[in-house]
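Feature annotations, courtesy of TrEMBL:
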- 122-303: domain 'Malic enzyme N-terminal' (DOMAIN)
- Tyr145: active site, proton donor (ACT_SITE)
- Arg198, Asn453, Asn497: (S)-malate binding site (BINDING)
- Lys216: active site, proton acceptor (ACT_SITE)
- Glu288, Asp289, Asp312: divalent metal cation binding site (BINDING)
- 313-566: domain 'Malic enzyme NAD-binding' (DOMAIN)
Amino acid sequence: MFSRPSLCGNLGRLCRNGTAAAVSAPTTLPALSALALSDARGYHEVVGDIICPSQVRGIDHIRDPRLNKGLAFTLEERQVLGIHGLQPARFKTQEEQLQLCKIAVNRYTEPLNKYLYLSDLHDRNERLFFRFLSENIEDLMPIVYTPTVGLACQRFGLIYRRPHGLFVTFNDRGHIFDVMKNWPEPNVRAICVTDGERILGLGDLGACGMGIPVGKLALYTALAGIKPHQCLPIVVDVGTNNIDLLEDPLYVGLRQKRVVGREYDDFIDEFMEAVVKRYGQNTLIQFEDFGNHNAFRFLDKYRNNYCTFNDDIQGTAAVAVAGLYASKRITGKSLKDYTFLFAGAGEAAIGIADLVVKGMVAEGVPIDEAYSRIFMVDIDGLLTKTRKVGSLDGHKVNYAKDIEPMADLEQIVSTIKPSVLIGASACAGLFTPKILRTMGENNERPIIFALSNPTSKAECTAEEAYQNTDARVIFSSGSPFPPVTVGNKTYYPGQGNNAYIFPGVGLGVICTGTHHIPDDMFLIAAQELANFVEPSDIERGSLYPPLSSIRDVSMNIAIGVTKCAYDKGLASTYPEPQDKRKWLEDQLYNFNYESSMPVTWTWPRMPYIKTRAESPLIAAIK
């Protein structure tokens, strides 16, 4: 009988010589393949927190992005690992590598090329990628996240290289758990999942939406220190209704119309059950970019049975409410003093409105009065109880008013006279100069949030908002805008980016093993973010702190979420830590290289004990 190494070697030679068919019994081929594969080491073979040295070959330290340090391997490491000579003679520190990364990414002028460079860096050197991202977040977030990630999703079939997550297709129904088992990481704690139906403001991109969960979870690590192997991006591929994609020869997903109805719901149910079976009840499941008609249903359906939240609804809400809290320093008013008008009635708008209501109730306002201060417009006009067009399904009904229907936004703004105008419509240019001027005429300091992204979908630009309100506007956007100069002053509008919120919430939830995620945690996150805004931020025209401070913001949010989890009995990690900051910090990812040398230690000298004379074996038997 062959030993396993010999068997693998002989099978390899058979295959290379084209004589594999010479194996006499066809039934032995699966067994031979299994034996051969059992010794094979694939891409990203190292898993978990603890690496078994006997299972890692020297060259794996170069091939595996979790272990690779590039030219930062020391001479001693190269010699001991058996990789000496596989690299040039130069030795570099991680700091020198970071400088090279900065030079390399800045050589590209097209954002998509920068995205591809960063993706390649992620594929070959994980620690360097995440340290580079975390230390240059202001420059790189627009590349790995909005707006460039939208373009990456549109070109996904062209740029796809290596797997960064799982594709679970509708054809896998009945076997979703078997697909989940194929992901090599045994300790996934956070999953970001999309079905690709509503990617940013770009619509149905089907399987090409994978760029969104990949980008989100990269920020989990870069901004909150969640270990990358604990994060899993997933696309549930149920087809697409995008005809351009269905006819595109480069499309990588199921080439069929979207599955809907009972079959779709049963498929998502099976997916949720498979996640819990594979990784446990406390696995965080973040829903991302599902269609409006499914997003609220799934949030209501699963929130009390799983550890889940919807970032488009709750994350967007928290960052917007944080901006409103920060605006109080300018207006001197509370939430209960504002009249709100939402342009858009989808996930983002409803989520913000619901959290605003919760915030007003926390200020002592009766819930009916809180609802009465919020008006909402959808594609068919103002939400009213008497309108004859458009539906009032789901959460919309809470914001329908008993007034005459109106369809023209300019008329609605003139009639209602809102103090806060929030755009979440994905309709570029919806806030016309006339609407902006009306807001300026009716308010000393009008609050205008144009939250739709990417930038091409924003309801107005920062420049339009400032110019049409005599620079009195309190402005925020969902995507970044350049500075605006009016007169002698330059304003730096803040971006209401969900990345301020979801990494910190995720860190607190994961570390505490929280069962369910209540809206209270997002209100806490909003308050913590607002508390981080400095007077200098307000002075320069931003309702948010610099993006470079997000890691500190995330930690404060995680501490608040941790306190909430224990106060409400939602945590499953015991005992409750007294110093919550230190406890959280002890669990963070290390962005710096660690030694690749095997750990050695000495033993004490054994005491001398005189042994008896050795006797023949036969004598011992007698």
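Every residue, even glycine, has its Cβ placed from backbone N, Cα and C.
Shown here: features listed in TrEMBL, placed on the structure.
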{"residue": "Tyr145", "record": "active site, proton donor", "contacts (Cβ under 8 Å, 6+ apart)": "Gly215, Lys216, Leu219, Asn497, Ala499"}
{"residue": "Arg198", "record": "(S)-malate binding site", "contacts (Cβ under 8 Å, 6+ apart)": "Asp204, Asp289, Phe290, Gly291, Asn292, Asp312, Glu347"}
{"residue": "Glu288", "record": "divalent metal cation binding site", "contacts (Cβ under 8 Å, 6+ apart)": "Cys192, Val193, Thr194, Ile212, Pro213, Lys216, Asn310, Asp311, Asp312"}
{"residue": "Asn453", "record": "(S)-malate binding site", "contacts (Cβ under 8 Å, 6+ apart)": "Thr146, Pro147, Gly150, Leu200, Gly201, Gly478, Ser479"}
What's the number of neighbouring CB atoms sitting within 10 A of the CB on Asp312 (divalent metal cation binding site)? 26
Cβ within 8 Å of the divalent metal cation site centroid (Glu288, Asp289, Asp312 excluded): which residues? Thr194, Arg198, Ile199, Ile212, Phe287, Phe290, Ala295, Asn310, Asp311, Glu347
When the pLDDT values for the domain 'Malic enzyme N-terminal' (122-303) are averaged, what is the result? 96
Rounding to the nearest whole angstrom, report the longest C-alpha distance spanning Arg198, Asn453, Asn497, listed for (S)-malate. 18
For Asn497 ((S)-malate binding site), the number of other Cβ atoms found within 10 Å of its own Cβ: 25
